[in-house]
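Participant: Questions regarding the structure given below will be posed in turn.
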Amino acid sequence: MDKLELAEQIAVLSGCLYLSWKIVKYVWSFLDVEEDPVTVLVTGAAGQIGYALVPMIARGEMLGTNQPVILHLLDIEPAAEALNAVKMELIDSAFPLLKGVVATTNVVEACTDVDIAIMAQAAALEQHASSNCKVLLVANPANTNALILKEFAPSIPEDNITCLTRLDHNRALGQISERLNVHVNDVKNVIIWGNHSSTQYPDVNHATVSTDKGTKSVRELVNNDQWLNTEFVTTVQQRGAAIIKSRKSSSAFSAASSACDHIRDWVLGTPKGTWVSMGVYSDGSYGVQPGLIYSFPVTCEKGEWSIVQGLKIDEFSRAKMDATAEELIEEKALAYSCLN
């Protein structure tokens, strides 16, 4: 067999393999193949955020519309009756993706075999959760709570322990959207640096807006550095307090929605060219002390997050980033002093 005949046979074989793969893929698309359910723990499930969050998870807003879930709902004993009512409502809603609900005041039962934990219990997760459990801390002080959980659940990988700053990220997107009168989906790549507190730094220096004339920077379109460096920053920093003042209660469905966004992007991945803000374990990036749980811009792929590197930091931003880091260092020292 000469080289030409061999090349022809290889080409034919490659074509047959490609065609076979296309046929299998086409047939598979018509089969009703169901994913294994993911077990999600929500603590404080009878509270405001938990009550808003659980139907979002059951509907597929967190893990996708093809991913079945089992919900583990945990609350304290005085809330047991209200917790059972949440379970009843979930059953009454007949969510197709919901494959089971456990409503309990028993921490061990709630944490057993969970894959994702929101507003978590450290010791029980350490002993009973799945080995690769992903954890999201929501309750304040969220960053330092995540750090404490890391100490009490050492078997959970440090990269799997995060805190919620996506709410602040979404608030920043909303403020820019309102200011420019554009759809919020057209705004991307704001950053929340640091603590989920009034020292956080909402940064738009790398943020962009999609327009009819192409992608433009937020600073160019707003054309008002004074507003961006003052009123915008304080509005995002103090948005939670403003909501409490207005409704006499803390943010609920916006926090729940942001928790869904956080987990969804972490598990399913961020869109290409887009980053989000997550409170994650610092590796020293951008001069932030290693070992803090600090909000960074991150991209996510295949269930893993990565801090966006190489962003230019101006003098104004540096000062803001350092100030919020100092607060986290103080919180860490105080928390550890109480534990020792």
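Note: Cβ is positioned from N, Cα and C throughout, glycine not excepted.
TrEMBL annotations: computationally assigned, not manually curated.
So TrEMBL lists the following for this protein:
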| type | residues | note |
| --- | --- | --- |
| DOMAIN | 39-121 | domain 'Lactate/malate dehydrogenase N-terminal' |
| BINDING | G44, A45, A46, G47, Q48, I49, G50, D75, V138, A139, N140 | NAD(+) binding site |
| DOMAIN | 165-333 | domain 'Lactate/malate dehydrogenase C-terminal' |
| ACT_SITE | H196 | active site, proton acceptor |
Participant: Specify the count of other C-beta atoms within 10 Å of the C-beta of N140 (NAD(+) binding site).
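Facilitator: The answer is 15.
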Participant: Sort the binding-site residues G44, A46, Q48, G50, N140 by C-alpha distance from H196 (active site, proton acceptor) and give me just the closest.
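Facilitator: Considering only the listed binding-site residues, the nearest one is N140.
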Participant: Need one number for the NAD(+)-binding residues G44, A45, A46, G47, Q48, I49, G50, D75, V138, A139, N140: the maximum pairwise CA distance in Å, whole number please.
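Facilitator: Across G44, A45, A46, G47, Q48, I49, G50, D75, V138, A139, N140, the two farthest Cα atoms sit 18 Å apart.
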Participant: According to DSSP, how is the domain 'Lactate/malate dehydrogenase N-terminal' (39-121) divided among helix, strand and coil residues?
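Facilitator: Counting residues per DSSP class in the domain 'Lactate/malate dehydrogenase N-terminal' (39-121), I get 34 helix, 21 strand, 28 coil.
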Participant: Write out the long-range same-chain contacts of G50 (NAD(+) binding site), meaning residues 6 or more apart in sequence whose Cβ is under 8 Å from its Cβ.
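Facilitator: The answer is V42, T43, G44, L73, D75, V86, M119, A256.
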Participant: List the same-chain residues at least 6 positions away in sequence whose Cβ sits under 8 Å from the Cβ of A46 (NAD(+) binding site), in sequence order, or say none.
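Facilitator: Listed in sequence order, they are L73, D75, A79, A82, L83, A85, V86.
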